[in-house]
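For reference, TrEMBL has these:
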DOMAIN    19-194  domain 'Glucose-6-phosphate dehydrogenase NAD-binding'
BINDING   22, 23, 24, 25, 26, 27, 28, 29, 56, 155  NADP(+) binding site
BINDING   185, 189, 223, 242, 347  substrate binding site
DOMAIN    196-494  domain 'Glucose-6-phosphate dehydrogenase C-terminal'
ACT_SITE  247  active site, proton acceptor
Ligand code: BG6
């Protein structure tokens, strides 16, 4: 077991007030409050810290503290004792922001939160504009000298390139870019950051990380869950906007970009943008060959029968929203020219797994009779983002015995078995970064635009296509079109943890 290096500086938040808009919402309850609780538990919050919830639902400070906080075991944390407030009001009502400003001033005076404010927009996207305008109307977009006012914005950041630009114009009319932290929680996952460690803290991988060694790459974000209670939201998003535009393309950018000179925010984000810019856009003519969508229907087993997407609450019974998307991408640069990148995501697939798998080329010549190689797959390096976090290297090895048979074997690194330290939750890491003012793991405005540039033509093409949406049974690996997509080049999907 490795011991934590003693020299690594512990990171703790400065005095500040975290203001969560959408305080009575699902994300706040499931992710943000537990993240605050965990930061408090790990002593990452100073005594001069306060939390303010803002939402339309009427609630008292005590009720908010009780429902959100005490249930999460925060009661015993002195950092939060007495430092929780709630402001109820409409997002487009200037009075809400007036009362918020008074609350923030009184917290500064009582708790020493030093005028530092982190505004977290965890509302439905329609509320972003009124909240930003409301904050600006009350002067809360400007911090007093020596303090900070920052804005964290949840996805979806627009519905396409045009609306993302409109949102940016609204954001930038009141906040400067360095104040803006666009969140993609995948970047807060340790295993996603480990893509950087693997690639750039080692010398052995860099030489094989290119077109001369890599045959193709598969990036999978598979979920077993359906849309649950989020049908209403999901209907207007779909898999492409919900997962591909952000999580998949972020992981892809980190896995394929050039080495940055340093891991500072701009160095890293510049390289991601350059990579995203090098992704070739599909034309309307080749989209059918390069992108596939699907929607889950009823499936599973007799004991565990899952409803189809159209039967989920909040979903149109004739919905054409995709719950599965797969694409073949090409990156037009020296490192990757000619290498296909297959990405896919879906709800109600047979396994929950996120991974990046680099499959290497077959040896140029095999001095072994082919009948002795039947169980030999191509070499592969698999970065297991979640669950079962780790890395596997798959290669051929001689099967013990008198004959010379070769079969696939694998070397595995597991986070669990190697490190004693626990991974912080993604939201915990990112909240702390935002409180510290470190934008490295947040999305810059030009990255958002590049990502929309890539998915927009496909979403538009699908919107115009009135043929029936391909379907797949719940608990299967997606529509058969997806097998054809990858099969066209003679390759096939890895189906990790599932049927293969
Ligand atoms: C969110 C999507 O961004 O990511 C959800 O809106 C999805 O639909 C979730 O379920 C997946 O996150 P994770 O961390 O569980 O892989």
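Cβ from N, Cα, C; glycine included.
Keep in mind that TrEMBL annotations are predicted by a computer and have not been checked by a curator.
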Rounded to the nearest Å - Cα separation of residue 26 (NADP(+) binding site) and residue 242 (substrate binding site): 16
Rounded Cα-Cα span from residue 24 (NADP(+) binding site) to residue 189 (substrate binding site), Å: 25
Of 22, 24, 242, binding-site residues neighbouring ligand 1, Cβ under 6 A: 242
Sparsest-packed of the listed recorded positions (56, 189, 247, 347) - C-beta count within 10 angstroms: 56
Among 22, 28, 223, which are recorded as binding-site residues, the nearest neighbour of residue 247 (active site, proton acceptor) by Cα: 223
Surrounding CB atoms that lie within 10 Å of the CB of residue 24 (NADP(+) binding site), all protein chains: 19
Cβ neighbour count within 10 Å of residue 242 (substrate binding site): 23
Model confidence over the domain 'Glucose-6-phosphate dehydrogenase C-terminal' (196-494) (mean pLDDT, whole number): 95
Pairwise CA distance, residue 24 (NADP(+) binding site) versus residue 223 (substrate binding site), rounded so that it is a whole Å: 26
Minimum Cα separation from residue 28 (NADP(+) binding site), reported as the residue among binding-site residues 185, 223, 242, 347 that achieves it: 185
Maximum Cα-Cα separation in Å among residues 22, 23, 24, 25, 26, 27, 28, 29, 56, 155, which the record lists as binding NADP(+): 20
Separation of alpha carbons, residue 56 (NADP(+) binding site) and residue 347 (substrate binding site) (Å): 31
Most crowded position, judged by CB atoms within 10 A, among 26, 223 as binding-site residues: 223
